[in-house]
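Asks: From TrEMBL, here are the annotated features:
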type     : residues  : note
DOMAIN   : B:66-182  : domain 'SCP'
TRANSMEM : B:21-41   : transmembrane segment
TRANSMEM : B:267-287 : transmembrane segment
TRANSMEM : B:299-320 : transmembrane segment
Amino acid sequence: MYSSARLNIHYQRKHHHVYQFAILFLLIATGFFSFVRCFGDSMKQLQIVVLTAVAYAFWGIFHHYYERDLNWKIVIEYCSIALLGIGILWALILFVH
Amino acid sequence: MINFFKHLFIPHHTNNFKAKLLHADFLAVYVLIFFIFSLSVRTISKINPNILGFATDIQTDKLLILTNQKRAESGLNPLALDNRLSTAAMQKAADMFANNYWAHNSPQGKTPWDFINGSGYVYTVAGENLAKNFADSDGVVQAWMNSATHKENILRSEYSDVGFAVVNGTLNGEETTLVVQMFGNKLSAPEIAQAPVAKTTEIIPPTQAKADEVSLGTQYLSEENIYNKISTIGSVPTPPKPVEILPIAGSVVKSPIFDIGKISKTLTLAIASILMIILAVDAVFVWKKKVVRVGGKNLAHLLFLFLITGFIWFMSFGSII
C-alpha cells in the first residue's frame with residue numbers, strides 16, 4: 001500500500017518523465033529540421049550532428065540523474081550511442097571534404 | 001548456434017540480460033568497421049573511379065530550367081542562357097582546377113568579375129554561385145535555394161542572363177564535379193554608346209550602387225567603374241572586342257559500376273535499422289519478462305537512432321559556396 005505522500009511523489013515523477021521525453025523529442029525534431037535546412041552545406045550538417053548527439057548524451061545523463069539511477073555504465077552507454085551517430089555521419093561526410 | 005544468436009540478439013543470462021550487439025564495446029566495433037569501410041572505399045575510388053565512384057547526372061539544361069522555375073515561383077522573369085557568361089563560368093572552373101582552389105576568388109586574386117569581363121560581357125550587375133560534388137541538378141539548385149545568400153542571387157530581379165559550366169576534374173587530389181553559375185545584366189549597346197556623354201544616367205538604382213560591392217558572389221558596379229570598364233573595352237560605340245567562346249560544358253554524367261553514395265547510405269541505413277530492431281526486441285523482452293536492470297532508456301536510443309537514419313537519408317555529399 002502506498003501512502004498518499006508517496007503516491008504524490010510517484011505521480012510527480014511520472015509527470016516529469018513525460019516532460020523529459022518531450023524535451024528529448026524537441027531536441028531531436030530541432031536537430032532534424034536544422035539538418036534538412038542545411039542541405040548542401042555538409043560541414044554545417046556535421047556540426048548539427050555533433051551538437052544533437054552531445055545534447056542527447058547530456059539529456060540521458062540528466063534523465064538518469066533525476067531518476068536517481070545514474071552510474072558510469074549508463075554514461076558510457078549514452079556516450080557510445082552518441083559517438084556511433086557522430087562516427088557514421090562523420091565517415092560519410094568525409095567523402096566530400 | 002541458437003544460443004550464440006540468443007547471446008547476440010536477445011537479453012539472456014549469458015549477456016547480462018542485454019543483447020550483446022547493444023553493449024558499448026560492440027557499438028565501438030560498429031564505428032571502427034565503418035571507418036575501415038570508408039577508408040577502403042575512398043582508396044579504391046581514388047585508384048579507379050570508374051569502378052567505385054559517385055554517380056553524377058548534372059546538366060546545364062536542367063539547371064537553367066530549375067533556376068527559371070524558382071524565379072517563376074517568385075514572379076520573376078526567366079533568365080536567358082548567355083554564351084559569354086557560360087564561357088566565363090567555364091574559364092572559372094578551369095582556373096579552379098588549374099590552381100587547385102575552391103573559392104570565389106583565386107589565390108592569385110582573380111575575382112569572378114575578371115572572368116566575366118574577360119568573356120566580353122559588359123554588365124551592370126553580376127553574381128556567381130558555386131557547387132561541387134552533387135549527384136544531380138535538383139540537388140544543386142535545392143542546396144542553393146536553402147542558402148539565403150545563394151537564393152538571393154537566383155531570385156535577384158536585376159539579372160537578365162545566366163551562364164553555367166559543369167566540369168569534372170581533380171581538385172585537391174579528389175575527383176570533383178564543379179558547377180559554376182554566373183549571373184549578369186548586360187549593358188545594352190545604346191547605353192554603351194551614350195555612356196561617355198550621359199554621365200548622369202542612373203544605370204543602377206542608387207540604393208544598390210555601392211562602389212564595387214562584392215558580397216558573396218555578387219557585384220554591382222558604380223557608374224564610375226562602368227565607364228572605366230567601357231573605356232577599357234575600346235572606342236564606344238564599337239562593340240566589345242570578340243573573345244574566344246569556349247565550348248560550353250553542358251553536363252557531367254557518370255555511372256560507375258558501384259556508386260559510393262548509394263553503397264554508403266545503404267550500409268549505414270542497414271546498421272541503424274538492425275540496431276533499432278534489436279533495441280525494440282530488447283525493450284519488448286525486458287517489459288514482458290519484467291527484467292530489472294541498470295541501463296539507458298531504449299525509447300531514447302530508438303529516437304536518437306531514428307534521427308540518425310533521417311540524417312543519413314537527407315545527407316548531402318555536395319557543398320556550395
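Cβ coordinates come from backbone N, Cα and C, glycine included.
Explain the structural surroundings of these features, please.
Replies: The DSSP breakdown of the domain 'SCP' (B:66-182) into helical (H, G, I), extended (E, B) and coil residues amounts to 49 helix, 33 strand, 35 coil.
Here the transmembrane segment (B:267-287) has long-range neighbours at 9-11, 17-19, 21-22, 30, 34, 37, 293, 298-299, 301-302, 305-306, 308-309, 312-313, meaning same-chain residues at least 6 beyond its ends whose C-beta is under 8 angstroms from one of its own.
Remote same-chain residues near the transmembrane segment (B:299-320) are listed as 54, 129-135, 139-140, 143-144, 147, 150, 261, 265, 268-269, 272-273, 275-276, 279-280, 283 (criterion: CB distance under 8 Å, separation of at least six residues from the stretch ends).
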Asks: Let me know the model's mean pLDDT on the domain 'SCP' (B:66-182).
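Replies: Average per-residue pLDDT within the domain 'SCP' (B:66-182): 90.
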